[in-house]
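Comments concern the structure below.
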Amino acid sequence: MKLIIIGFMASGKSTMAKILSQKWQLPSHDLDQMVQQNAGMSIPEYFKKYDEAHFRALETDTLGMALKQTGILSTGGGTPMREVNFDAIQNQSAPVVFLNASDQTIQQRLIHDGASSRPLFQKLGMDGMMQLKHRRQLTYERLADRIINVNNENPVFNADRLVDKLGMVTNG
Ligand SMILES: Nc1ncnc2c1ncn2[C@@H]1O[C@H](COP(=O)(O)OP(=O)(O)O)[C@@H](O)[C@H]1O
Ligand SMILES: O=C(O)C1=C[C@@H](OP(=O)(O)O)[C@@H](O)[C@H](O)C1
Ligand SMILES: [Mg+2]
């Protein structure tokens, strides 16, 4: 893997991976999409049929497969929370970038996208999502080599800012 993108739900990980993939002419891999392929169903369906613990086990297995690929990886918002996943990501030589969006930005996007694609939003509601976001923040910060504050700037502009910050990683 050349770059690993982490961050809370709706921070823009999948969008960023696609933009960088075009910019760098590298494949992008979206962990949620890979999980869905492995499961043979959508993530909301999987949560309904099984439960979150089963989803997390499948996510860990799929992460192992994803980390063997080359290119850019967008993770799921919960991926770094399991210690085994955190360690697997940290052990990669690829830089890890945390897309850090404000509560307000996440709230707007969750409302805009609707709850149907995010089972945890269905379960926890907005207050629960914000509490989850705050609980996870430190783990994202610990795992990240670089933190990019992202809100509703043009996503291509955010990708350019990320590349600038990464230059500092690769060039020392
Ligand atoms: N820079 C941005 N400005 C405005 N909306 C964005 C931006 N980046 C992503 N979005 C929107 O936010 C939502 C979540 O983006 P997504 O890339 O799926 O996030 P994640 O993969 O982190 O859950 C989508 O509706 C997407 O179109
Ligand atoms: O934060 C989480 O626990 C989750 C985030 C989702 O990915 P996105 O961050 O791409 O929405 C997806 O993996 C699943 O719904 C659980
Ligand atoms: Mg995503």
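Using N, Cα and C of the backbone, Cβ positions are placed for all residues, glycine too.
Copied from TrEMBL, the annotated features are:
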BINDING   A10, S11, G12, K13, S14, T15, R118  ATP binding site
BINDING   S14  Mg(2+) binding site
BINDING   D32, R56, G77, R136  substrate binding site
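Sequence-distant neighbours of S11 (ATP binding site) (same chain, 6+ residues apart, CB-CB distance under 8 A): G77, L99, N100, A101, T105, I106, V150.
Of all Cβ atoms in the protein chains displayed, 19 besides its own lie within 10 Å of the Cβ of D32 (substrate binding site). Of the listed binding-site residues, namely G12, G77, the sparsest Cβ surroundings within 10 Å are found at G77. Note: the CA-CA distance between R118 (ATP binding site) and D32 (substrate binding site) rounds to 11 Å. S14 (ATP binding site) has D32 nearby among the binding-site residues D32, R56, R136, counting only those with a Cα within 10 angstroms of its own Cα. Maximum intra-site Cα distance, ATP binding residues A10, S11, G12, K13, S14, T15, R118: 16 Å. Checking the binding-site residues S11, R118, R136 against ligand 2, the ones with a C-beta less than 6 Å from an atom of that molecule are R118.
Under the DSSP three-state reduction, T15 (ATP binding site) is assigned to helix. Here the candidates are the binding-site residues D32, R56, R136, and by Cα distance the one nearest T15 (ATP binding site) turns out to be D32.
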